Amino acid sequence: CDESGLSENQVVFRTAALETLAREYCREAGVRNLKQQIDKVLRKVALKIVRQRQESNVSATPNDAPTETVHESSPSTPTVPPPTPAAAVVGEEDGEASVEEGKKVVVTPKKLTAYLGRPKYPAERMYKQAPRGVATGLAWTSMGGATLYIEAMTLGPAAKEPEKNVRGFKATGQMGDVMKESVDIAYSYACDWLAKHEEQNEFMLRQHLHVHIPEGATPKDGPSAGVTLVTAMLSQ
């Protein structure tokens, strides 16, 4: 707090806010980035306090200045300037504004967005219960492990008769070449498995599938996720 000009009596972090800060804004090894984010919050809190104090000082100043009246004074009577209002010198002793005693800025998880913007690592759980066509897998990143959702949906109504022109799939979600091959293999395996175990089921022969991995701005690649892909396709 000292570096930002604040005292412990002026700002307090809720435990939940610190947990959210570490989980959704800082995943690097060590605590250097965590300290930087906390300092950033403190600087913005200090700026907020200064602005509030300036606004209160402006509102305390009367809008209409009194009309000055000039009086002749004798040379023997010195002119004494009027005393400066106390409100005009608040915070001028040390050059910094301070908060009134007893008032604290409480940093909660909801306020982190206002101070730091949207979370860099948002919550990974998208569904309370995965619906049909959605399967959950695991992935690894430079920051550690993560969950990976794979979604499969049908494109349009099923064809009345099995047609080669209808069956197939398209894949989206910025997949790399290796992962696209995984989708090809998973689709072939799903078709083969369904033909062997449910001979009367012509779902894969009558439908065109769309396979998507959310967060399209994030590149994804790797030879894994085969089981997750097959599960998503067959769950349709």
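Any Cβ shown, glycine's included, is placed from N, Cα and C.
All annotation found in TrEMBL is predicted automatically rather than curated by experts.
Taken from TrEMBL as is:
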type: REGION; residues: 53-86; note: region 'Disordered'
type: COMPBIAS; residues: 55-66; note: compositional bias 'Polar residues'
type: DOMAIN; residues: 129-236; note: domain 'Lon proteolytic'
Is it possible to list how many residues within the domain 'Lon proteolytic' (129-236) are helical, extended or coil according to DSSP? 34 helix, 31 strand, 43 coil
Across the domain 'Lon proteolytic' (129-236) the predicted model averages a pLDDT of 85
